[in-house]
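Record features, source TrEMBL:
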DOMAIN    104-374  domain 'Peptidase S8/S53'
ACT_SITE  D113  active site, charge relay system
ACT_SITE  H159  active site, charge relay system
ACT_SITE  S328  active site, charge relay system
Amino acid sequence: MQFSDEWCQSLDYSNCGWPEEWKYFLKNNKDIQINYQSKWFNIVSITLPNELLATAESLPFTTSIRAVGALYPQTNKADFSKEYAFALEQMKASYLTDSMKLSGKGVKIGVIDGGFMKADQDPALQNMIKNGQVIYFKDYLLDKNEDAFYGRRIAHDDHGTDVLKMIAGFDAGINIQYGMATDANYYLARTDHGIRENRLEEDYWLMAVESFYEMGVKLVNSSLGYTDGFDKKKENHHVKEVDGKSSIITRAAQKAAEKGMLLVISAGNDGANKKWETLSLPADAKDVLTVGSVLFDEWTKVYYSSTGPEKIDYVKPDVVCFASNGTSFSAPVITGLAACIWQYDSTLTNYEVMDIIKKSGHIADVPNNFLGYGIPDGERIRSILMGNFTTSIIKKKLQKGDNFQFALDDEIPELILFHKKDERNVLLQESLEVSTDTKSISIERKEKAAYTTIVSRNKLLIEVEWID
């Protein structure tokens with residue numbers, strides 16, 4: 001429920017109390033439950049009987065009432081037998097974790113998720129938990145629950161455990177590191193119910209972010225998404241709302257960024273869903289760090305990873321990294337990376353940390369709506385932090401006709417092509433194997449393509465602009 005600005009002029013809306021008409025309304029209707037009053041927006045979350053809805057809408061200072069939908073995790077289950085060691089290898093994380101001894105020490109990380117069941121029994125998290133690095137826990141679904149590691153597997157209450165593992169996990173028994181921020185301090189919030197899609201969950205998400213802000217938590221991971229998966233179809237969101245400004249949860253994420261917080265958000269898993277395809281909310285917020293997924297070897301977008309919408313005027317997703325089972329498990333890898341950067345230089349702003357991560361991406365010069373700025377590179381980030389980073393030189397070519405040929409100076413086993421309708425939006429991605437004796441390559445222009453990006457990891461980057 002949203003009130004008009006005339007009701008409250010304070011920068012902290014919770015200081016304003018209630019309009020007199022509302023006090024009377026609440027006093028005479030005991031069935032109304034106040035869930036939450038936002039400090040950042042002139043809105044309040046309430047539960048009330050349907051028969052009181054019209055009366056509530058007609059009261060002075062009420063500008064709008066709308067139901068909020070449900071959040072749900074962006075994956076099923078992680079494959080920890082290989083996935084996260086691979087993600088760190090792909091990003092060259094050792095340049096930061098081994099060479100620079102960065103581990104997120106001293107950084108506060110908030111994790112908003114669906115539950116952290118049995119995290120204390122996970123070999124990769126036991127040491128972190130025994131060291132007292134879980135500083136805070138709030139269960140917004142079960143108000144009296146103070147056990148962060150309680151839950152039921154049937155309700156996906158272990159989703160947050162898997163996510164936490166990707167930020168902080170290290171299994172000494174088998175010597176595998178899953179996350180980069182093994183020494184950070186953690187603030188956990190359970191806001192999502194995996195089975196019943198409660199319409200209060202968006203409010204819980206906002207409550208968690210605001211609470212983290214009050215506690216000085218600047219870095220937050222959220223592997224939850226908000227699209228059209230509600231129990232009640234009339235509450236579904238629509239693709240046209242993925243514009244960076246329409247939904248409350250997106251506006252809240254943007255507000256957090258403006259207040260200095262870095263929110264790392266999973267892009268969503270609707271890449272193969274023809275009814276949606278694009279980002280889940282709040283991954284569309286301009287100044288959050290939106291993370292998609294790529295394959296380990298090919299460095300192409302995984303089929304399920306959501307693409308950035310064409311209608312916004314900024315690049316989304318921001319970056320990508322390997323994950324085989326959902327963007328839920330890409331985002332926390334990048335959260336750990338951000339923590340290491342902030343450990344190295346705590347004076348950096350959230351925008352500067354984001355810029356460093358994006359600048360290190362393997363296609364940073366020609367970002368697109370499939371991979372964003374590409375896969376972050378730990379070696380490049382080390383160079384940026386130490387002040388000796390040299391900007392890569394992209395080769396830009398104007399090509400008349402429908403065929404572009406170029407010589408290969410190095411042995412390159414594979415090329416990835418992004419055929420684009422404009423400078424940012426991809427029509428088609430293509431993987432091209434290259435034999436060892438190949439000396440030159442011929443690239444054909446695809447229908448409606450205005451640009452083609454040719455990339456081979458960090459060895460080659462060519463941008464072809466097709467001229468009619």
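Think of each number as a place in line: the chain as shown, counted from 1.
Using N, Cα and C of the backbone, Cβ positions are placed for all residues, glycine too.
Remember, TrEMBL labels are computer predictions, not curated facts.
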> What Cα-Cα separation, expressed in whole Å, is found between H159 (active site, charge relay system) and D113 (active site, charge relay system)?
Replying inline: 7
>> Just to be sure I understand the packing, how many Cβ atoms besides its own are within 10 Å of the Cβ of S328 (active site, charge relay system)?
In response: 32
>> Give me the CA-CA distance between S328 (active site, charge relay system) and D113 (active site, charge relay system), in Å, as a whole number.
In response: 10
>> Taking 10 A as the limit, how many CB atoms besides its own sit near the CB of D113 (active site, charge relay system)?
In response: 28
> Between 0 and 100, where does the mean pLDDT of the domain 'Peptidase S8/S53' (104-374) sit?
Replying inline: 93
